[in-house]
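Listed features, source Swiss-Prot:
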- K4: N6,N6,N6-trimethyllysine (MOD_RES)
- N113, T163, K167, R285, H317, S369: substrate binding site (BINDING)
- K165: active site, proton acceptor (ACT_SITE)
- K191, D193, E194: Mg(2+) binding site (BINDING)
- K191: N6-carboxylysine (MOD_RES)
- H284: active site, proton acceptor (ACT_SITE)
- K324: site 'Transition state stabilizer' (SITE)
Amino acid sequence: VGFKAGVKDYKLTYYTPEYETKDTDILAAFRVTPQPGVPPEEAGAAVAAESSTGTWTTVWTDGLTSLDRYKGRCYHIEPVAGEENQFIAYVAYPLDLFEEGSVTNMFTSIVGNVFGFKAXRALRLEDLRIPSAYTKTFQGPPHGIQVERDKLNKYGRPLLGCTIKPKLGLSAKNYGRAVYECLRGGLDFTKDDENVNSQPFMRWRDRFLFCAEAIYKSQAETGEIKGHYLNATAGTCEEMIKRAVFARELAVPIVMHDYLTGGFTANTSLAHYCRDNGLLLHIHRAMHAVIDRQKNHGMHFRVLAKALRLSGGDHIHAGTVVGKLEGEREITLGFVDLLRDDFVEKDRSRGIYFTQDWVSLPGVLPVASGGIHVWHMPALTEIFGDDSVLQFGGGTLGHPWGNAPGAVANRVALEACVKARNEGRDLAREGNEIIREASKWSPELAAACEVWKEIKLEFEAMDTL
């Protein structure tokens with residue numbers, strides 16, 4: 001009898017340092033902190049086993065399949081510099097383990113039960129290499145960067161947005177008024193806050209109607225295409241699609257979804273609906289910090305960003321580097337490139353563990369949002385470049401003269417920065433000077449400069465390599 005019962009070390013089956021990775025494998029880089037006394041090879045192999053074909057004991061049904069064909073393999077382990085008893089374990093998964101076009105299934109395997117595993121004290125997924133063969137099974141973003149620019153007829157600069165505040169408590173009509181004022185003043189977009197769904201003080205249908213009116217009116221008056229991210233997130237997928245259908249009937253350009261609280265299944269359904277019906281899709285990452293903020297456990301945001309590009313979204317919030325929400329510059333730019341570019345080289349200094357080829361999957365616009373104001377504009381323009389959305393909530397609505405002047409101040413600041421950059425000036429060095437010059441001929445900008453000249457929201461960076 002070939003079957004031998006009992007418990008054997010994972011590393012005998014799942015640690016294979018001689019393995020040559022295939023182009024079709026999904027590759028994962030895990031930061032593993034083993035329990036005291038557990039050797040790194042065993043911990044790495046345990047991760048590979050528990051996230052693929054393994055279980056805690058030998059089972060006779062193993063003989064009914066080819067483990068060699070289907071098992072995950074830990075093929076390389078390296079210590080983490082500056083940390084004791086922490087290792088990066090590289091695991092290769094055969095493509096056959098995953099359902100086509102399902103981020104849900106991919107995550108259920110790779111970041112499922114294994115994170116509660118006793119032999120590992122902590123576990124963090126740092127990066128994933130999605131092979132081209134798997135990428136091709138996803139639709140990806142409904143439209144992507146180029147199509148969005150063509151729909152909006154806006155080129156050569158970042159787009160400007162604003163989250164309507166106070167985020168909860170306004171009636172639909174007052175909310176619509178704030179939307180109109182911001183768009184009329186010069187913003188491209190306004191945004192529902194992520195927690196605005198359909199509450200007693202403002203039901204979704206009323207909000208959609210008043211915001212649509214604000215869009216039509218501001219478009220007619222400015223001659224520019226405007227949008228408001230109508231949050232379609234709901235308690236059920238059916239209700240979510242119902243809201244997206246209503247948005248389409250109002251002929252608005254864009255809807256919004258909270259992809260982590262809503263879930264990848266709902267998000268992918270909405271992305272498919274948006275592509276089929278010409279709606280852009282703005283994605284908010286509420287709940288990401290629950291998953292990505294701990295350095296040694298959870299999942300890095302670059303993995304959540306890659307997963308979103310597969311699942312589908314045209315915009316996603318990606319930190320600011322300069323505002324109230326954290327994000328280290330090089331690391332942030334690493335996953336911003338993973339969102340926008342077609343091909344990204346491995347670069348460990350930016351936290352990118354694998355070369356990623358997106359094979360023409362559309363790109364996603366990164367959104368910088370949270371605690372930013374006119375003085376940040378030169379830095380944001382320089383860091384994020386043209387293909388981005390810069391969102392000023394308090395930085396628009398907090399203007400001493402009101403919402404429309406707040407929008408004017410931001411638009412003037414942005415246009416001044418883009419013009420200066422195109423003339424070859426150094427935004428990093430001359431940023432303050434550029435804003436000061438522009439404020440001489442824009443009283444709205446001058447007032448904004450005065451209000452926010454002393455504001456600093458800076459703490460020690462937490463996301464380090």
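Just so you know, glycine gets a Cβ as well, placed from its N, Cα and C.
Here the features listed in Swiss-Prot are painted onto the structure.
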| residue | record | Cβ contacts under 8 Å, 6 or more apart |
| --- | --- | --- |
| N113 | substrate binding site | E50, S51 |
| T163 | substrate binding site | T190, K191, D192, D193, S369, Q391, G393 |
| K165 | active site, proton acceptor | D193, G393, G394, L397 |
| K167 | substrate binding site | D193, N195, V196 |
| H284 | active site, proton acceptor | E194, N231, M256, H257, D258, Y259, I316, H317 |
| R285 | substrate binding site | D258, Y259, L260, F301, L304, L308, I316, H317 |
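Annotation for K4 (N6,N6,N6-trimethyllysine): spatial neighbours T58, criterion Cβ-Cβ under 8 Å with sequence separation of six or more. The substrate-binding residues named in the record, N113, T163, K167, R285, H317, S369, extend over a maximum Cα to Cα distance of 37 Å.
Neighbour counts were taken as the number of other C-beta atoms within 10 angstroms of each residue's C-beta; across the binding-site residues D193, E194, the minimum falls on D193. DSSP gives H317 (substrate binding site) a strand state.
Listed in chain order, the extra residues whose Cβ falls within 8 Å of the Cβ center of the Mg(2+) site residues K191, D193, E194 are T163, I164, K167, D192, N195, V196, Y229, N231, M256, H284. Taken residue by residue with DSSP, T163 (substrate binding site) is part of a strand. For K191 (Mg(2+) binding site), the Cβ neighbour count at a 10 Å cut-off comes to 29, with all displayed protein chains included. Least crowded of the binding-site residues (H317, S369), judged by neighbouring Cβ atoms within 10 Å of its own Cβ: H317.
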